[in-house]
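> Attaching a single structure in structure tokens format; questions to follow.
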Amino acid sequence: MSFRLKTIIGIAIIEVVLLVMLVFSAMRFLSQSNEEQLLQRVKTTSELFAIVVEKPLLNNQISDLENLVNQLLIVEDLAYIRISVDGSNLVFAGDKQWLAAPMTVDSDLSKTHDGVFDTRVPVNNSNAFIDMGFRTDAINLMLKQARQSIITIALVEVILVAFFSYILGNYLTRSLTRLTKAANTLCKDGPGFQLHQHSKDELGDVSRAFDAMSTKLEQSYTALKHARSEAEQACESKGRFLASMSHEIRTPMNGVLGVLNVLEETKLNKDQRKLITTATDSGHFLLSVINDILDFTRMESNTLILDNSPFDFRHCVESVVDSFMPAAKNNDLILHCYIPAQVPAKVRGDENRIKQILHNLIGNAIKFTQQGSVSIKIESRELEDQHVELICSVTDTGIGIKKHALDYLFDEFTMVDQSYSRIHEGAGLGLAICKRLTQMMDGNVTVSSEPEVGSTFTFTIILELSDELIADVKQTPSHAKPLDPNLRILVAEDNRANQLVINSMFSHAGLHLDMVENGRQAVEQVQKYQYDLIFMDISMPEMDGMQACKAIRALDDPSCATIPIIALTAHALTGDKEKFLEVGMNDYLSKPVRLSQLIEKINLFLNCEQHKTIDDEVKIDAEVTQPKAALNQKQAANVKSEEITVNKELVDEQILQQMIQDTSADVLPLLIDHYVEESQQRMETMNNAFIERNAEVIEFESHTLGSSSLALGNHVLSNLARQIERLCLEGQAEKAFEYHQELMELAQQSFDAIIHRKTQGFTQPIE
């Protein structure tokens with residue numbers, strides 16, 4: 001279909017639609033206005049006549065009533081009049097046909113089908129009624145004639161519009177033909193061809209835009225870069241959201257599991273222990289579902305980044321298989337793993353994600369196998385460029401999978417048994433995540449199965465071979481000698497409360513450190529002294545941690561290029577690790593840091609022979625640090641529940657107990673005093689910033705407030721501060737300003753709660 005024909009048809013359709021709407025609206029308006037006039041006329045006539053006949057009716061003057069009725073009949077379109085008393089007709093006149101017809105009071109002209117609009121009005125001070133009928137023939141005829149006239153005019157207009165559309169289409173086609181030829185010339189000969197169309201209409205504007213296009217390609221490239229930047233910012237916002245959700249959902253769940261562990265260590269009867277076991281299993285299952293959903297969401301938003309570190313692949317597989325040995329034994333299953341000698345051990349990749357794939361496949365195999373065995377077999381195939389393809393198959397003798405279910409087995413949120421009566425729980429994400437992870441590692445996952453015989457899941461991944469020494473930090477003996485007290489460590493931290501906390505932790509570990517308040521001072525200290533390790537806060541005044549790291553790496557002293565620098569950050573967002581590594585940092589820790597984490601990093605980067613023992617059961621998570629204190633039954637006894645009357649929602653007792661463990665009970669009150677004093681000053685600064693609507697100051701201060709308040713147990717205040725910081729980072733300052741009053745009130749309540757807790761005293765946990 002040509003452009004000219006499209007133009008004609010398009011304009012005609014638009015015109016027809018508009019005319020239909022116009023005709024409909026006009027007819028509706030005419031009908032409504034005439035109906036309103038009729039109703040007003042009926043009302044006025046009937047009410048006035050009722051007033052006129054009131055006196056003769058009361059005096060029983062029948063002749064006068066008849067005269068009045070006959071006189072009123074001269075009114076145009078009045079069909080009949082009837083005066084009735086107690087159901088009997090007293091006086092009547094008019095068309096006998098309508099007088100004999102049953103009386104039905106009309107209220108709407110459109111519902112009047114007998115040609116007469118009937119109305120009834122009462123006569124005051126009597127039992128009489130006046131019935132009147134008004135003919136509607138004239139109104140209906142007028143509306144019919146108006147409808148015919150309007151439709152005729154509309155048809156003529158459609159014909160004229162079609163004619164002029166044809167002329168316009170020809171004009172537009174000629175101009176567009178010239179533009180098409182010019183575009184073909186531009187494609188053939190390159191930029192520089194000019195149309196020189198000087199008309200002042202829209203086509204002239206198009207021609208001039210075409211002429212300018214060949215000389216303004218650079219602007220197009222700039223716009224493209226801007227769009228790409230916006231897309232990357234949107235992706236980064238998704239990453240922040242994922243990190244926030246990870247913290248907000250997993251932290252309380254870890255707390256619930258921790259409390260269940262505490263209860264499990266108490267004296268329980270058989271039924272209570274069964275309930276605790278059920279609750280713990282349900283909690284772990286829910287946590288695994290949450291982790292699966294978070295992983296899947298990261299994959300959907302393309303924010304999941306695989307690690308690429310050296311690790312022992314054979315040990316990776318064996319450790320996963322060993323973890324399932326108790327479950328296999330409980331189910332009377334044989335679980336064995338075969339790894340040929342030619343399978344390489346030293347590779348580079350994401351060890352944790354490979355373990356996740358193995359956990360899913362082996363876990364499913366054990367779950368759906370009632371008797372028999374589960375076998376894991378590893379094969380390898382060398383590739384070019386120092387890469388290897390690893391093939392892992394998990395074979396079971398379980399219930400198998402029906403053929404039709406294989407088509408959707410790896411789809412998200414689907415399970416083979418979708419019924420409400422299914423035996424095995426799950427969110428239907430495990431296999432979908434496995435497939436995505438293997439694809440991210442340049443591999444795939446497949447399945448072959450036969451019902452009632454068993455299934456074999458096979459996945460392939462491609463990893464890089466590695467000759468690097470793999471640090472086995474996790475297998476360090478639990479009983480160890482102290483760290484070297486002569487180590488020289490520099491800490492850059494601007495928050496006074498955090499400074500005191502870190503100082504106390506290192507003192508508790510028998511280590512000395514130098515403390516500075518910003519990145520500029522850190523660079524100056526490195527120029528003066530030789531340091532073994534640097535812990536660097538990211539958000540600091542004057543010079544932030546990333547700028548300071550760049551400056552240190554750029555110093556002339558060769559040793560500055562190899563000093564281990566570890567970032568301290570309040571958030572571990574997706575992509576942050578890459579940013580830290582890019583500027584020269586070696587690793588990072590999420591705040592609030594624990595002493596065990598600091599010791600772990602010192603041993604890792606300074607190649608100390610052994611770790612300082614703090615608590616063999618402390619678990620480190622890069623995203624969520626779960627306080628370990630109070631999970632030990634002896635330590636829990638030191639803080640009697642009846643003595644703690646503070647608001648438990650505002651003060652996290654577990655964090656305080658962990659702080660006592662990392663420092664000492666004597667130091668904690670001093671830390672609280674410094675924290676409250678500094679935070680109150682910070683709240684004054686933030687209050688002024690809210691009043692002045694200074695988003696930059698609010699972002700900086702809320703970052704520090706979130707870090708320091710979490711370190712000393714004010715976790716609710718920390719969450720709100722981090723939310724305000726996130727809004728400022730994402731350019732949503734107006735939403736951040738809305739939290740002004742809530743932040744002020746919550747801060748004061750949190751400070752009061754932590755001070756009240758301090759007055760109750762702290763007890764050093766029993767070693």
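Cβ from N, Cα, C; glycine included.
Bear in mind that the values here come from a model prediction, so they are computed numbers and not experimental data.
Heads up, here are the entries from TrEMBL:
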TRANSMEM  6-30  transmembrane segment
TRANSMEM  150-169  transmembrane segment
DOMAIN    170-222  domain 'HAMP'
DOMAIN    244-465  domain 'Histidine kinase'
DOMAIN    488-606  domain 'Response regulatory'
MOD_RES   D537  4-aspartylphosphate
DOMAIN    664-754  domain 'HPt'
MOD_RES   H703  phosphohistidine
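Let's see these features in context: how buried, what's close, how far.
Within the chain, the transmembrane segment (6-30) has long-range Cβ neighbours (under 8 A, six or more residues past its boundaries) at 143, 146-147, 150-151, 154, 157-158, 161-162, 165-166, 168-169, 172.
On the 0 to 100 pLDDT scale, the domain 'Histidine kinase' (244-465) averages 80 in this prediction.
Here the Cβ of D537 (4-aspartylphosphate) has 29 other Cβ atoms within 10 Å, regardless of which shown protein chain they belong to.
Its own atom aside, the Cβ of H703 (phosphohistidine) has 25 Cβ atoms within 10 angstroms in the protein chains shown.
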> What Cα-Cα separation, expressed in whole Å, is found between H703 (phosphohistidine) and D537 (4-aspartylphosphate)?
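So the alpha carbons of H703 (phosphohistidine) and D537 (4-aspartylphosphate) sit roughly 11 Å from each other.
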> Can you tell me whether DSSP puts H703 (phosphohistidine) in helix, strand or coil?
helix
